[in-house]
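Annotation comment: Swiss-Prot describes Cys88 as active site, phosphocysteine intermediate, evidence class sequence analysis. The feature compositional bias 'Low complexity' is assigned by Swiss-Prot to 183-193. Residues annotated as domain 'Tyrosine-protein phosphatase' in Swiss-Prot: 4-144. What Swiss-Prot records for Gly2 is N-myristoyl glycine, and it gives similarity to another entry as the kind of evidence. The region 'Disordered' annotation in Swiss-Prot covers 183-212.
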Amino acid sequence: MGNGMTKVLPGLYLGNFIDAKDPDQLGRNKITHIISIHESPQPLLQDITYLRISVSDTPEVPIKKHFKECVHFIHSCRLNGGNCLVHCFAGISRSTTIVIAYVMTVTGLGWQEVLEAIKASRPIANPNPGFRQQLEEFGWANSQKLRRQLEERFGEIPFRDEEDLRALLPLCRRCRQGSATSAASATTASSAAEGTLQRLVPRSPRDSHQPLPLLARVKQTFFCLPRCLSRKGGK
């Protein structure tokens with residue numbers, strides 16, 4: 001059931017019920033608060049502050065009604081210098097859904113982008129279809145309404161969470177988020193290179209009016225690879 005709890009943001013961890021009772025992990029990651037979200041959550045350690053929510057991992061369960069309480073709990077913990085672990089039974093669906101809702105609130109990112117970033121370090125993260133639909137319904141408008149409530153209660157959000165989350169995205173995903181100028185330059189260079197390749201690679205008369213799939217693959221590989229390598233080398 002995974003290889004231990006996963007750090008999503010400074011002060012925010014995602015895991016399963018084994019992680020939540022592992023004193024070595026809890027101590028190493030300095031966990032001070034735990035959200036237990038499964039069928040029968042029970043507090044285990046006296047030195048940790050718990051939020052217990054009884055929720056089954058079934059698509060029809062209205063998990064989004066717990067978003068506000070969980071978001072406030074996590075945010076208060078982080079602002080006070082604590083570390084919060086959000087866990088369910090397997091650390092796959094329920095806990096991931098709660099973490100996504102929090103990250104959406106403090107960053108303004110969409111749930112799919114947040115999930116992609118989480119999967120980069122925790123591939124098993126996978127909300128069930130019903131929870132995904134509820135995250136979609138939560139959306140930008142509701143998450144930003146909740147953000148305003150956080151700021152009214154706690155003040156301006158001091159974290160650089162969006163930057164931290166984007167750093168988790170796969171390199172090629174970040175390549176696609178380049179500036180419009182870079183994209184335009186790449187398009188121009190791509191067209192020129194494709195023309196060169198087409199002149200170098202002979203084609204039969206039958207193919208003279210059809211694009212070559214091989215050339216498309218070569219173009220995609222050679223124009224993404226240098227950018228990814230340069231980003232990776234710059235770390």
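Each residue, glycine too, has its Cβ placed from N, Cα and C.
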Indicate whether the residue listed as 'active site, phosphocysteine intermediate' is helix, strand or coil by DSSP.
coil
Which residue counts does DSSP yield for the domain 'Tyrosine-protein phosphatase' (4-144) in the helix, strand and coil classes, in that order?
67 helix, 24 strand, 50 coil
